[in-house]
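A.B. asks: My structure is below; once you've seen it, I'll send some questions.
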């Protein structure tokens, strides 16, 4: 059974994002109070705030961890039109701060002219790369050519999406059969604009990102988007948080059916669509195997979704904002799966305060 622990975050305004590190033992939160806090889990499983600092001059929308292979590195993005990269430094043995850690700003990315609404590190097999998206509809991809020098980042790609961007997700697949891919969601409120999820794929020939797909069935504002971890699947699974929860599969068509040397074409299917939240859905997050999806909405609940052996998705559990299960929703369903979902689940639980974001 999942055990809920309430954390007094002590932010002075709305918490917009919660992010766990690779091992699930560190957590970062960000808020409209312009600060980021880092939390560490102790041996008794309690969370303690080990760092808190003012990061931006506006609301901080998102915070994300780099893979630990690159050190203890965070990125944040803000209404102040910037993204920032932070690194944790531990005092040297001859330092009066011996053994104590503090976070240092390594760079500020200032290319956007509007609010930077999301920031995500690329999968580690791509090297130390970072993507941002902005309200002006531009996705920017940066690279740190020297992973030992995080003050130097070069802008590698600019992708114009033509719609205001609210969220991005890298495809985590490390298979050589899959080119690097990034999904972009738009929170444009115009009901006349269809296709508020766009998929961009890296083309080795042109060395640029090109639009591979537009999910035309998504016409409502998108708040979050997440590719599922790909453990040997030949297709991709994408979750979308909008006025409901949607799960899509993207099956690559054979190369001879795609344009020669061009982007991959996909056969897309909506495999699940749930309006159980009866409200806006703000966050979606997968467990590490890509088999359980957690979603959080303005109804104050986190809902867990899983497919059965027939690939039919259904709700397998509901948690209220205080972490308690609703009714007997978990009984006899989970076995060990809930533990594997807990990181994404906690992420969603804490993300329920995201309603009303995008204001300074």
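For all residues, glycine too, the Cβ spot is worked out from N, Cα and C.
Heads up, here are the entries from Swiss-Prot:
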| type | residues | note |
| --- | --- | --- |
| REPEAT | 10-49 | repeat 'WD 1' |
| REPEAT | 55-96 | repeat 'WD 2' |
| REPEAT | 111-152 | repeat 'WD 3' |
| REPEAT | 160-210 | repeat 'WD 4' |
| REPEAT | 217-258 | repeat 'WD 5' |
| REPEAT | 276-315 | repeat 'WD 6' |
A.B. asks: Can you tell me the mean pLDDT for the repeat 'WD 4' (160-210)?
C.D. replies: 92
A.B. asks: Using DSSP, what is the helix/strand/coil residue split across the repeat 'WD 6' (276-315)?
C.D. replies: 0 helix, 22 strand, 18 coil
